[in-house]
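Undergrad: As listed in TrEMBL for this protein:
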type	residues	note
DOMAIN	22-326	domain 'Aminoacyl-transfer RNA synthetases class-II family profile'
BINDING	84, 85, 86, 113, 127, 131, 258, 262, 263	L-histidine binding site
Ligand code: AMP
């Protein structure tokens, strides 16, 4: 079979050096920030029962109806690759000793959605996200949004904007949906066919449609906030005021509704101008998720790592900036030195010094060329003479100078 047949599937990629250095930076700094806010990591399985997602994400959402990778195992069980991280994290929160506490969990890893691949949309993509369990409290929402901004600045991203809205409480949802339908109904026939379907199944999604025909119809429709209770409007105001008191500016965007069914109260998105049409770096919100007989309240967000990287790159940040420091390179002249240098390399590594060497007995020129290519700043050269004298020739590649040292001096130089 031609090797091209073994390429990753469409919409999925290998992530390798140098790109992977940027990924590692994002992950490492995220862990630092999460630790400061006292969030702990949960690693949930990538493959789950399909019911976990249909149950918690709602079975009319696009993610569940159109985009999940579903399969049956040998026992005929219906399984799905996780399309997002909240369902699994919340299942964990509901199952453990944490269930009564205000669990604060974060996750990072691959998610799968069988969408049409395009710029900013992959079929395997990666998210870094978190969930803070606990009853609705505008201060908790504000804290999570503040954390997210802290994270963006730890990553060095400038120019991101937060768009915030409320979608109110579940008990108000019926009235809001009815209010929207009543306002849209006189112009129903102008809607395209799929939008007519959404009118019935998920009318909220018409509000953030990018289709001009839909936008024309909804232009005069009241905003969700206008259809909500005073209590819900107050909740949103407290979130905004709390953020302002933390010197965080957010933009209210009444067209923002978000795709999943489980949201209550606050929803938000982080967008960045450096991205194309798919400009959302992250989605977040407060939710109520049913897990078995339990209802878990929480607030959280998920950031798309691929888009985060694209946004960083649009501001001039490159993966090379996060490449590991070059290692010490060891050159061996002759069989005896080759063996002794294996021991030397072992000792250096045990002392925390990164080093590498040529493992075959090649000519010195070829070995030096490799050291140069790897960007080594120091090269240690040993042949029979040095072995006899118990010394090490060290070449400083930047300055082109060379000196002969004994072991203690060598260690001083390298550590
Ligand atoms: P969601 O779980 O749909 O709220 O998505 C949260 C974030 O994940 C989005 O804002 C994107 O940054 C990212 N994301 C979602 N779907 C994809 C995808 N198919 N490809 C790449 N990133 C995605």
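Each residue, glycine too, has its Cβ placed from N, Cα and C.
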Undergrad: Less than 6 Å between Cβ and the nearest atom of ligand 1 is the rule; apply it to the binding-site residues 84, 86, 263.
TA: 84
Undergrad: Let me spell it out: for each of the binding-site residues (86, 127), count the other Cβ atoms within 10 Å of that residue's Cβ, using every protein chain shown. Which one has the most?
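TA: Checking each of 86, 127, the winner is 86.
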Undergrad: Counting other CB atoms within 10 A of each CB, which of the binding-site residues 258, 263 comes out lowest?
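TA: Ranked by other Cβ atoms within 10 Å, the binding-site residues 258, 263 bottom out at 258.
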Undergrad: If you average the pLDDT over the domain 'Aminoacyl-transfer RNA synthetases class-II family profile' (22-326), what number do you get?
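TA: Average per-residue pLDDT within the domain 'Aminoacyl-transfer RNA synthetases class-II family profile' (22-326): 91.
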Undergrad: Just how spread out is the L-histidine site if you go by the largest Cα to Cα distance in Å among 84, 85, 86, 113, 127, 131, 258, 262, 263?
TA: 21
Undergrad: I want to verify one value. Collapsing DSSP to three states, which class is residue 127 (L-histidine binding site)?
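TA: The three-state answer is strand.
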Undergrad: What is the Cβ neighbour count of residue 84 (L-histidine binding site) at a 10 Å cut-off, with all protein chains included?
TA: 23
Undergrad: According to DSSP, folded down to helix, strand and coil, what is residue 258 (L-histidine binding site)?
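TA: Where residue 258 (L-histidine binding site) sits, the three-state DSSP reduction gives coil.
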Undergrad: For residue 84 (L-histidine binding site), which DSSP three-state class applies?
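TA: In the DSSP reduction, residue 84 (L-histidine binding site) maps to coil.
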